[in-house]
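Database features, via Swiss-Prot:
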REGION    1-20  region 'Disordered'
TRANSMEM  43-63  transmembrane segment
BINDING   His87, His400  Fe(II)-heme a binding site
TRANSMEM  90-110  transmembrane segment
TRANSMEM  128-148  transmembrane segment
TRANSMEM  171-191  transmembrane segment
TRANSMEM  214-234  transmembrane segment
TRANSMEM  259-279  transmembrane segment
BINDING   His265, Tyr269, His314, His315  Cu cation binding site
TRANSMEM  291-311  transmembrane segment
TRANSMEM  320-340  transmembrane segment
TRANSMEM  360-380  transmembrane segment
BINDING   His398  heme a3 binding site
TRANSMEM  399-419  transmembrane segment
TRANSMEM  434-454  transmembrane segment
TRANSMEM  477-497  transmembrane segment
Amino acid sequence: MTAVEPRPVPQLEATRPYPARTGPKGSFLYKMVTTTDPKVLGTMYLVTAMSFFMIGGLMALLMRGELARPGLQFLSPEQFNQLFTMHGTIMLLFYATAIVFGFANIILPLQIGAPDVAFPRLNAFSYWLYAFGATMATAGFITPGGAADFGWTAYVPLTDILHSPGVGTDLWILGLAVSGLGTILGGVNMLTTVVCLRAPGMTMFRMPIFTWNIAVTSVLVLLAFPLLTAALFGLAYDRHLGGHIYDPATGGILLYQHLFWFFGHPEVYIIALPFFGIVSEIFPVFSRKPIFGYTTLVYATLGIAALSIAVWAHHMYATGAVLLPYFSFMTFLIAVPTGVKFFNWIGTMWRGQLTFESPMLWSLGFLVTFLFGGLSGVILASPPLDFHVTDSYFVVAHFHYVLFGTIVFATFAGIYFWFPKITGRMVDERLAKWHFWATFVGFHTTFLVQHWLGAEGMPRRYADYLPSDGFTTLNTISTIGAFVLGASMLPFIWNIFKSYRYGEVVTVDDPWGYGNSLEWATTCPPPRHNFYELPRIRSERPAFELHYPHMIERMRAEAHVGWGSGKHGTPQDDDALLAKK
């Protein structure tokens, strides 16, 4: 018998959408530090912002643990002050604002058919300014006097050298100035990219709603953030150079409030409008319908942006120094374009073929939660009602319903929606739905009861209360909900790790099947410069037309925006125009 050499058995290897290694060992960190690829920078924004979200969430759990029962449990009033100051700062400026630029860097160039952003190196510089500024402000916790402890609004005279002598205050001021500069430069970059780098055929009214919202947000950034920077430099000048810019004797306290809130209210829409754009991308895909009222959505976005810079002093009703009828009327008015958006989102789903994958669930959670927050906002817009609940937990509940409802729900909707495009792998739908329901139940348990706490008179920012105040039961319920909310992040973290390493590999351009915008017309993940070839752009749905060419004539015939409406000519006119270019 002759021995036969055994045939080699092929070794099983995990398939990966990326090569196992693209350079010498240890080069990953160098590439990350020196990259100008907007997709890599966007991922870095997302990871950094979500890390700060977790840190801010841990601070919230410490505060809720302290407030669960009357009496001081484990925090001193000074520590409590530091926690709510840094919690607000981190969540608004280091999580919400930053994650906007995470999504914008990854998705916006893809949606307009651009190979890169307008200023790639400035883009990288913006990220590192944000990262260093955020780290600087948070580093106050390791200084002898602790972190900033005057509330995230930093009202004067709480921030002067007499009342806040510690280094933590200076780190907070400088950290916000540095990260704010990064935000300003990011806004310049995104606006220039939208104006200058759109693909042939991509007119303004063929841009996706998300791109429109990022462009409008960038304009608001350029209006609002320089004012914050100026106000912060004024604080530093008063603290260390003996200035009297915010001297109470000359009305400096109200001057600071006007400066801060002229930044602060547009900031709310800077961190809301992009997430309106995210859900506007998701609803059509999972309703199997085009977006309802595309043009109206664009004008509603412009209306919200215009009104957002006209209502800043509704945060100052209690000062008695603002024109109540004007600011109340303008605040009521801002509900109109927001209501138009709700009408369009519901119209998009109306009689659609709905499927409830995780991005759609999170978007519906956004709708419900943001609606509640908007209704309590209408209450607060009325001065007679606002006077009774100002600086109470009613305001805390409203603020979290509006911002958590908008930002966090839409953040997770966007992450689950674009995760296949970013990584080339699908997420685990079962874990994503567990994550959604735990977050939804935990959030509403935490913050719904805080409306009643505020109506009963519990002030915000207090570290303690008396058993006789009658706040114990509702505070206990709120704390239980907060810990459910905190635990809901565990399936998310595991899902992202598991899906990135072992998730099902995406082999098609559009894993959801009904994508409309251009990011669904390139590979998952996209190449370095986004596209190997671009499809013709003849409407606001180029990817859908690419994948379903037999639907084009019907779409033209039924269009309200596009060639069928008679507003823009014919497809042949479009071809002739492209040939001239």
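Even glycines carry a Cβ here, placed using N, Cα and C.
What you see is a predicted model, and the numbers here were worked out from it, not measured in a lab.
Sequence-distant residue pairs (6 or more apart) of the transmembrane segment (434-454) and the transmembrane segment (360-380) include at least 3 whose Cβ atoms are under 8 Å, placing the two stretches in contact. Geometry remark: His315 (Cu cation binding site) versus His398 (heme a3 binding site), CA distance 13 Å. It is 15 Å from the Cα atom of the residue listed as 'heme a3 binding site' to that of Tyr269 (Cu cation binding site). Contacts of Tyr269 (Cu cation binding site) defined by a Cβ separation under 8 A and a same-chain sequence distance of 6+ are given as Thr217, Leu220, Ile304, Ala305, Ser308, in order along the sequence. Between the transmembrane segment (90-110) and the listed ranges 43-63, 128-148, 291-311, the one holding the most Cβ pairs under 8 Å is 43-63. Here the binding-site residues are His314, His400, and the one ringed by the most other CB atoms within 10 angstroms is His314. Touching of the transmembrane segment (291-311) and the transmembrane segment (477-497) is ruled out by the presence of fewer than three CB pairs under 8 A, sequence neighbours closer than 6 excluded. The Cβ of His265 (Cu cation binding site) lies under 8 Å from the Cβ of Ser308, Ile309, Val311, Trp312, His314, His315, each of which sits 6+ residues away along the same chain. Ranking the binding-site residues His87, His398 by how many Cβ atoms sit within 10 Å of each one's Cβ puts His398 at the top. Take the mean position of the Cβ atoms of His265, Tyr269, His314, His315, the recorded Cu cation site; other residues of that chain with a Cβ within 8 Å of it are Trp261, Gly264, Pro266, Val268, Ser308, Val311, Trp312, Thr331. The largest share of C-beta pairs under 8 angstroms with the transmembrane segment (43-63) comes from 477-497, of the ranges 128-148, 320-340, 360-380, 477-497.
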